[in-house]
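Peer 1: Let me begin by handing over the structure; questions about it come next.
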Amino acid sequence: MSKEVSEEGKTHHGKDYVDPPPAPLLDMGELKSWSFYRALIAEFIATLLFLYVTVATVIGHKKQTGPCDGVGLLGIAWAFGGMIFVLVYCTAGISGGHINPAVTFGLFLARKVSLVRALGYMIAQCLGAICGVGFVKAFMKTPYNTLGGGANTVADGYSKGTALGAEIIGTFVLVYTVFSATDPKRSARDSHIPVLAPLPIGFAVFMVHLATIPITGTGINPARSFGAAVIYNNEKAWDDQWIFWVGPFLGALAAAAYHQYILRASAIKALGSFRSNATN
């Protein structure tokens, strides 16, 4: 997209931002870089902290018996959204602040990260999630074991198809927000206000939780669902686990395609470039 400025009868064409080059599909050189392993550590710790705070909030809420006790659904949604805001702000400059395999998958499809980095991030995120929920169980063992362990399952009264649809749409909202908040044009314009990228991402997580907690407990993050399932180790949590991988990955795929090929018209630009080269 070009920026046109007319001044004194002259028209100047030029971008006020630079599109980063696409990441290589397979960059084995990253395995020799300390910055790659530093990013893996950042993703591991961020996901650990995310799961610890959020699952502890869920268990603490369920532990209360009075109708006005605990933080309620609104407080749980704030815990998830608020932690994403904080952790993305803290880690964006190191790893990009993904904290979610679905986000990593979407960015990989858009050629923002290489396959090596994407796989490394997903492994680090899942391990961090397991450790984070493990800390919750260690500190709150009795309520953790009796109150669902913070695991994602399909709620009574909802079909698996409905739950899958909720996860697809919820993850679409999140990943679409990530693409929009980190768009090079927006980043160039808002670079003097560093909180403007993490804020809408955290708020998107908050809003999606309000909508989907009654259906699935809100996954939209395969690492979050996997970590809780591993530590809680409940049959229903494992039976429903596929929903919290397939749904988020399909949602991320749809968001990446929508942003890259419709909003940013990457396919049309590539076709135009091909035609231009063919005529020269």
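All positions are counted from 1 along the displayed chain.
Cβ atoms here come from the backbone N, Cα and C positions, even for glycine.
Keep in mind it's a predicted model, so treat the numbers as computed, not measured.
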Peer 1: According to Swiss-Prot, phosphoserine sits on which of SER6, SER187, SER276?
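Peer 2: When Swiss-Prot is consulted, phosphoserine appears for SER276.
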Peer 1: According to Swiss-Prot, which residue among SER159, SER180, SER273 is annotated as phosphoserine?
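Peer 2: Comparing SER159, SER180, SER273 with the record, Swiss-Prot tags SER273 as phosphoserine.
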Peer 1: Going by Swiss-Prot, do TYR37 and LYS185 end up on one side of the membrane?
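Peer 2: Same domain label for TYR37 and LYS185.
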Peer 1: Looking only at the topological domain 'Extracellular' (140-160), what are its DSSP counts of helix, strand and coil residues?
Peer 2: 7 helix, 0 strand, 14 coil
Peer 1: Quick one: DSSP breakdown of the topological domain 'Extracellular' (214-242) into helix, strand and coil?
Peer 2: 19 helix, 0 strand, 10 coil
Peer 1: State, in range form, which of 70-90, 119-139, 193-213, 243-263 has the highest count of Cβ pairs under 8 Å to the transmembrane segment (161-181).
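Peer 2: The stretch with the most close Cβ contacts to the transmembrane segment (161-181) is 243-263.
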